[in-house]
Structures are given as C-alpha cells and as structure tokens.
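Heads up: the structure comes next, in structure tokens.
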Amino acid sequence: MAKPRANASRAPRPWREIVAQKLQEDDAKIPPQWRLSPDVISSARLRKRIAGDFIESLLDRETRRITSTDALDLVAAMKHGSLTAVVVVTAYCKRAAYAHQLSNILLEIGFDEALARAKELDDYFNEHGKLVGPLHGLPVTLKDQFHVKGLTTSMGFVGWINTFEGEMGTGKERHFESEVVRELVSLGAVPIGKAPETNNNILGYTRNPWNQQLSSGGSSGGEGVMQALRGSVFGLGTDIGGSPSSGRISFKGVASTGPGQQVMPAVVGLMGSSLATLESVFKSLLLTEPWLHDPYTSPLPWQGEKEYNVGTEHIPTPAFGFFANDGIVTPHPPISRALRIVREALEECEYELLDWHPPSNQESGQIHGQIARGNACRDAWEAIKLSGEPIVPEISNLFPGGKLRQPLSLWEFEKVVLHMKDFRNRYNEYWMVSAEKTRTGRPVQAVIAPATPYAGIMPGKFKYSEYTNSLNVLDLPAVVIPVTFADKSVDRVSPDFEPLSDLDRGNMEIYDPEVHDGAPAAVQIFGRRWDEERLLSLAQLVVGALDNYAHKRGKRGLMSPLMSHL
C-alpha cells in the first residue's frame, strides 16, 4: 500500500467541504424512484428496530421475494431462466438504497456499474446458454477497504476521498481492483456498493438495525448492517480477530492501516444470511486458485474430506469445547443465555461437550495489542492528518493527548513475536491434551464461545474484545452464529453476581436490560488452523441442533440461521 502522504499538487480544502461534495455526489446516485420520503426516514429514526418487518414493509412484493431468496436458489433460477441477473441486481440495489437511507451504510454507491455488469451477464447467458460462474448475478457489498473498479476507496478517511489510498494522480483511482474482488467478478458476482466502518467523519455513525440505541460494532459493522437489512446476497469484511485462517482468502490489494505488519495479518471475512451461502462463496473463491495470483495465499483447494456429515457411518460423533467464560470478563446475560441454549441443544443431540480452560485471554490480549499497535498506528495518523479531520472518539485512545505514541523498537517487537509463538504452542498442546478426556480419544474438533461479551453495545462503551482477539493471535478460524435476542424479562444480572475484577465490574455495569432488549445474541465456533471446511460443517450441525431445540419448545425467539459470519 502506498503511504498516505500529502500531495504537493493538492489544493488545501476544508475537510467539511470535501465531505459535503462527496455526499452530494453519492446522493445523486440513488434513482428518484428508490428515494424514501422524509416522513418514512423520520419514522425510522424514532424506531428501535428497522431490520425485519419495517424494511420489508417498504418493499414491493417482487423485490421482497427476490431479496428473501437464498443465494443458491437465486443462481438456480438464473440458470433455468426464470430470473435474470438484471432483475436480481435491480432488486438488491433497490433494497440497498433503502437500507442506506435508513442506516448510513454506503460509503460508495455502484448501482449504475452493477446494472451494466448484470446486463453483460445476461447477454453472456443468452449467447452461450450457461452461467459465467457459480456466483453468477449475485450482488455483493464490501467493506470500504476493497478496491472495486469504478469506485473509490476512502476507508472513512476524508483525506482519501477521490485518491488512491491518500495519493492523487496515481492512475489507479477507480481502476485498481483487489485480488479477491477480481476473483468474485470472474465467478459472476456483482459488486453494488461499499460499506463503512462504524463511525467516520464522512457518513457519521452507523447504528445497529436490530436496536438503534446500540452500535453496529466494528470495524466491519457497516457491512454487518448491510447483511442484517439484506441489502446484498453476501458481503466481505476484514478482521484481525477471527474469520478464516490467514492465507485462505487473498488479501492482496486490500487497503489497510499497518499493511507492513504481517506477523498477525488482517484477513478477509465472509458475511451472509446462511451457512450455505458462506460455504458456496468460500468454495467458489478457492476454485480460482488464488495462490497463483497471490504468493501469500496458501495453496489449499477445498478440502471436502474434512467436512463432518451427520449420520455417516464410521465417523465418530464430534466433541466440542465449551468456553462460557474466560475468567476475565463475564458475558452479559443475553450472551450467557445464548450459550446455555447452544449447550442444551447439543446435549439433547448427545454431542459431547468439555469445559474449556485454555491459556489466558489476558495473555493473548497483551500480545494482540502490542503487535497491532506496535508502529504507534502511524498509518492511521498520517491518513487522518491529510485532511485535518478530527480523530473520531472510537480511536482517540490510540493517540493520547492527540499525539503519536512511541512505537516499539525492533528488539521489543521481536520479543512480542516470540511470546506469541510460545502462546500458540501452549494453546495447541492444551487442545491436543483434550483427547485424553473425550469419549473417542480424539481432540475436540471445535470450541463454542462468546464472540463478544455483548448483545450489541452502547456507542463508546466497548471495553473487551479478547474473545475474538485471541483467535487472531492463534490464527484460528471462527464462524459467528446468531442464536436469540436479548429479552429484558429474563436477561437480568443475577443478584449473586460477583465480578472477577474491576474490568469485569465495569463491563457488567454498562449492561442495561431495557436498552439492550431486542439486540441479537450470538456465539462463535472456532476450530483448528486451515480447518474451515470442517468448521463450516460443524457450524451447520450446531444450527441443526438449534432448529431442533426451538421446534421442540415452540420457541419464537431463536434467530439462527439469520446471519452468519466466517
């Protein structure tokens, strides 16, 4: 990535003026027939929830039908000629336009480019009688780190607007394409827009559509909102706290801060409304053999032999680790209840669960922070200073007093890396020893844990991320599955609660049953490195167990598999 330095030929402009011009240009990209009335938008601002019934009520029947259809069924319909790519892409562009007006989730709008590409796909199908690829005609949105032809990339930095990663006149603006985007387009997927980080000085704050009093999380929160509002079939985010193992999906040509830090690299994460969609996209990407185009991508095609198939003879029933509390921060009541639901559902299916007590998340948290911020976050600092925009509150702690900190020396950094290697070895040894406790004599195949301690978080209150950060230190893949919704009538802090520490006390004090009511409560399932195929199949097993659990009890509060994230 080119360093985001100032360009001598750039005339200084007030950052607010730059933002105003961009917002005006983006607004013009929404067709008049897709504009919501001021009354609808005002009504949405006052609602607690806009996902689900509210946005559905704004759509015509055909748009609602298409955007509620699973990815595999859409591809099948286009293959049989009952739907065209133009019809599918139009429906999703319309829904994404509605979602953006309700929730600030498009930093880049590419509807015109998407419809032109859909027309090309239809022409190809009409001429050749076959689809371009397994993702033919499927609209995709991406976090605004991915370079897409025809669109710019700002990552929320005002100084990056209409530049290539902060530099002007490179010739790459609107022409450069991230490797994974090239692969998606070659498979038939159609980019329709790009989503923001949770808070920036361009769009402002993007809130949780299930509960607008809460944050949408970060930093891929904007894409998470897009998926919750079903503005695309699937989405791409980035992560240094979970998702696939590094090297399974190409990160080549993806904008980022700290791109030179490759000890604990950022990875591409997939987001969608079903595990089947995630599996289809992941499998399709591997068909392109990305390792031939990116030397940092592992040469691992889809490993079907790793998938766990329920009911197959001679395959031992899998054992799961169960990590309900890391001993540092206690999950909020909705998350603890979601974990109990998952445990009960799996036990009813007679799966084996072992309590999980691995090396401490406190230790991995120290490692994560030192590596992720070892360069004092200078890349982000330089990008912010390009325009003179203020530092948003969510990252102000990275720059105490509004100044750069001292970076780690190379010697200090190397010591942290050695600590990380030792931590990984000890964690792996703990995992292998689990074989001594399982009925099959084999190590547990995956671990169920909180993704965060929160069912949504109030803006500015996020205190603890080590349930996911630890996985990046370990470079282990994870799948996040929503289970239920926070319920103020049952999700109360026990009067017997005794905090584990001041951090734990402060974390529980920010929980408010009234405020959090209705927020999604999710769990994560994580597995061994480069074991994504097995992990996805085990996640499907968990979803099946949850479905059985809900059916037996006639429960309506379970939401799986509403949206999943790999």
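Backbone N, Cα and C atoms are what each Cβ position is placed from, and that goes for glycine too.
The Cβ neighbour count for Lys143 (active site, charge relay system), using a 10 Å radius over every protein chain in view, is 29. Marked as active site, charge relay system by TrEMBL: Lys143 (among others).
Sequence annotations record features per position, and here TrEMBL assigns active site, charge relay system to Ser219 (among others). Sequence-distant neighbours of Ser219 (active site, charge relay system) (same chain, 6+ apart, CB under 8 A from its CB) are Lys143, Glu197, Thr198, Thr238.
Look at TrEMBL and you will find Ser243 tagged as active site, acyl-ester intermediate. Counting every protein chain shown, the Cβ of Ser243 (active site, acyl-ester intermediate) has 29 other Cβ atoms within 10 Å.
According to TrEMBL, the domain 'Amidase' annotation covers 88-536.
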For the domain 'Amidase' (88-536), what is the mean per-residue pLDDT, to the nearest integer? 96
Under DSSP, is Ser243 (active site, acyl-ester intermediate) part of a helix or a strand, or is it coil? coil
